[in-house]
Amino acid sequence: MERATVIVAIDGPSGTGKSSTSKAVAAQLGLSYLDTGAQYRAITWWMVTNGIDIDDPSAIAAVAGKPEIISGTDPSAPTITVDGTDVAAAIRTQDVTSKVSAVSAVPEVRARITELQRSIAADAENGIVVEGRDIGTTVLPDADLKIFLTASPEARAARRSGELKSTDVQATREALLKRDAADSSRKTSPLAKADDAVEVDTSDLTLQQVIECVVTLVEEKRAAK
Ligand SMILES: Nc1ncnc2c1ncn2[C@@H]1O[C@H](COP(=O)(O)OP(=O)(O)O)[C@@H](O)[C@H]1O
Ligand SMILES: Nc1ccn([C@@H]2O[C@H](COP(=O)(O)OP(=O)(O)O)[C@@H](O)[C@H]2O)c(=O)n1
């Protein structure tokens, strides 16, 4: 029997485990994978590289349609390019991280990227795991399964510091909370849990436990289709 296509939305703040969980779940279940944060980082990288004033939303809006962003959706080797340039490493710098919330708050940027995300999801043959901040609420409100990951600021800061090889967990914590506040308070499509999302607090769970929990939920949805 053919398996039904399944669309999974995974949202939550930084460091809750969205990327690692989504990639593993998609790989395990033969689904595509889309990191929407990488797309917002990519458009931010383009703005910075082209000297656009990040503090001027109208300047950002005026050029929001210019960069061509292409995401590769294989969970074992996700890719991202801007106008043909591989930006996978360039979008992870502190500079881009500190500017992405301002760029992603501009409605013209969100409209453009949201359209791109919907077309990628529609093209995914077996289905897709899409992770971000507004997937369950705005981008794919009809997703088969919505997950909202949370974790304490302490757990998130410790995870991120480990990744960045930074010893200043306190500074990492402050930066995370500042970005959460900006993402949650913006007018257009803020970071929020959809009413029908399943909330999973990952503070005291291993990554493997979170993956198993989500895989089980997807299998249940698939079986019920
Ligand atoms: N449940 C967990 N327990 C411990 N570490 C985790 C857990 N989930 C993710 N991590 C680690 O935390 C870091 C951030 O995870 P990531 O998936 O990038 O989060 P997000 O996409 O939500 O920002 C990664 O180094 C990842 O390996
Ligand atoms: N669906 C999404 C995904 C990310 N974003 C923005 O993109 C930024 C970077 O997202 P990310 O997922 O790469 O962030 P991390 O969780 O990796 O820290 C967020 O802080 C948001 O400003 C968004 O606005 N909407």
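Backbone N, Cα and C define each Cβ position, glycine as well.
TrEMBL does not curate its annotations; it predicts them automatically.
Worth saying up front: this structure is predicted, and the values here are computed from it rather than measured.
TrEMBL annotations:
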{"type": "BINDING", "residues": "Gly12, Pro13, Ser14, Gly15, Thr16, Gly17, Lys18, Ser19, Ser20", "note": "ATP binding site"}
{"type": "DOMAIN", "residues": "8-219", "note": "domain 'Cytidylate kinase'"}
| said: Among the binding-site residues Ser14, Thr16, Ser20, which residue has the fewest other Cβ atoms within 10 Å of its own Cβ? | reply: Ser20
| task | Let me know the model's mean pLDDT on the domain 'Cytidylate kinase' (8-219). | result | 96
| note | The number of other Cβ atoms within 10 Å of the Cβ of Lys18 (ATP binding site), counted over all protein chains shown, is 26
| What is the total of other Cβ atoms whose distance to the Cβ of Gly12 (ATP binding site) is within 10 Å? | 25
| message | Based on a Cβ-to-ligand 2 distance below 6 Å, what subset of the binding-site residues Gly12, Ser14, Thr16, Ser20 would you report? | response | Ser14
